[in-house]
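What TrEMBL records for this protein:
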DOMAIN    A:5-182  domain '3-hydroxyacyl-CoA dehydrogenase NAD binding'
DOMAIN    A:187-280  domain '3-hydroxyacyl-CoA dehydrogenase C-terminal'
SITE      A:141  site 'Important for catalytic activity'
């Protein structure tokens, strides 16, 4: 089977990015949301990204115009899913809402449609049955699309094995590196490792072994990276990190979740809030003398 | 106090690198070992590094010649430590041997000498008393000196606080980023985080969640790094990783230690052995199509 038409459910940050890359890769795309404002904002996000891509000579202006002409924004679920070969769902990370969406689109979608969810921390098996097409249901999880170009393909126990290579090819067509998560795992591959090292950083901080800055310096200098774990936490959002950390039963994670909670209660959610472990827009770790 | 003369105990890889950078930074350096072959090999290592530094225009040829002229290689402990302001000990990671060395040099060293150990996984408090100068004893731990330019300063409970700023300044003079480990912690700062994310990678592999290659791809693409956890393990050495992992009590670490043991028994120790998780000198993760 060949994928030609793609339906994106949820016009948020990630949905908009996936939609745009799909259009840039030549696919017909529909973007569905329940709010007109979300659709309007999605178009704005796309135009902003296209400007950036042009600025860094990754695309030409006419490619951007052509891509946008391939995208249909709609509030009508029937229009959205009409003739779709693949759905990629990026609605909010709430089980009730995702269930509702998959029940609705499971009824509306054509027989051929492959169902994929872009969930960050939930599992495809939670929604496979309600979609009424568990064999066609799989997680297909993007990270950032334009900077971190990896897509996780994570089937659940009754996903039809034949859709895996289709998703791998589709991922590559979207300029992503496809990786296979052979069994369901919350956080896929990368997030498991990310949360482990961030947890270790949290333990160093709550255990008063080292300062935020020295922990970040150690990571940045050893790995030649532009930020360390606390800079990364600021960019992820401390609230998002707390959602994952506070569920972990071990003592170190609990201590770190408590620390995150203090920051969150003080409104220090990270870069988006202007302050987290560092202050933005000019955090000290970006200063020239931070590393000496 | 001003550091002018530095005594390096142990002419292995790390000792040689620290000695060379100290000489490049203008210090008088003695390099002590118990074997002439170790001293000969140390000089070769230094010349090789100087060639590399010249090649990448980091130093001029005459700077290299001048640096080598500042280094005295010796088998005589008295000559090694004569008038030394600081000892940096990089002998093998065995408690008995380090104890013997610190007993010997604690007796020989001048009153003024600051005692530092470059141990990777042991703690300064293990050797502070036997050196008879616990207040002057501190861990001063380099990573790679020329690529990963960070130095951990880790006092033990009775280290005199006054030597910390001296070590910070000395670290900076050696072009390192000094980071303070406020209390004794095996693995300092970076290794705690490194082992945490590598442990998470091991858990993904032993749990059959993903392949070695897909785990590495996820890390490399997301962090724009030239290798992932298994490539990093190959460069660290699987035997070294096993030494740390097999002591951790949790089930995932034990499962990973068992996997490492299988590789080690098959002679697959990593890059140094020609094979680990990948085959060298041309591991697949360095191939152009690995991420394609």
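Glycine is treated like the rest: Cβ placed from N, Cα and C.
Counting every protein chain shown, 27 other Cβ atoms lie within 10 Å of the Cβ of residue A:141 (site 'Important for catalytic activity'). When the domain '3-hydroxyacyl-CoA dehydrogenase C-terminal' (A:187-280) is classified with DSSP, helix, strand and coil residues number 63 helix, 3 strand, 28 coil. Model confidence over the domain '3-hydroxyacyl-CoA dehydrogenase C-terminal' (A:187-280) stands at 93, taken as the mean pLDDT rounded to a whole number.
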